Amino acid sequence: MEPLYQQTNKQVQEIQSHMGRLERADKQSVHLVENEIQASIEQIFSHLERLEILSSKEPLNRRQNAKLRVDQLKYDVQHLQTALRNFQHRRQVREQQERQRDELLSRTFTTNDSDTTIPMDESLQFNSSLHNIHHGMDDLIGGGHSILEGLRAQRLTLKGTQKKILDIANMLGLSNTVMRLIEKRAFQDKYFMIGGMLLTCAVMFLVVQYLT
């Protein structure tokens, strides 16, 4: 199990460095970097399935620790997957807006009688602004949805990790005071997560109200 764990952990660290390279990539290479990162993430998920099987076969005194290490890797790669999806969503919206802006700037109206062209007037510019506002709202909603999905995935992972920590605490014979502190911290983390979700929704609502 250990060689596969070390290999997978190294891949996670490499993806973290590639995410920084993704932010600096130009339009010609950004798709290649995205595909490279996605392929690595899929390979890591495959390794994690194998590691979960191997961790369940570890000796009893090492099994819980092995599962915790696998859960930490799973949490890290889920976070990276969410970050990649958010980046792709922002890039796609930005590229779509650029295409629409170029189309609007190059669009002219031609009369039936001659080749005379009529430049874009204020009404068309106003419609263009409304169109961009609608796409901006879609971008906010899509980004908020991605954030909420990421929080849900992290909550499930943390919930499983908390249960394993409590199991280890019982095995090691930790005091009830220590276990209560662990449960209190998990309870506080839950409210922090809910507060973050409510704050995100409030910001999205205020931005939509401002834009409309």
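Just so it is clear, glycine is given a Cβ too, placed from its N, Cα and C backbone atoms.
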Coiled coil per Swiss-Prot - which of 60-92, 93-125:
60-92
Just how many other Cβ atoms lie inside 10 Å of the Cβ on MET1 (N-acetylmethionine)?
16
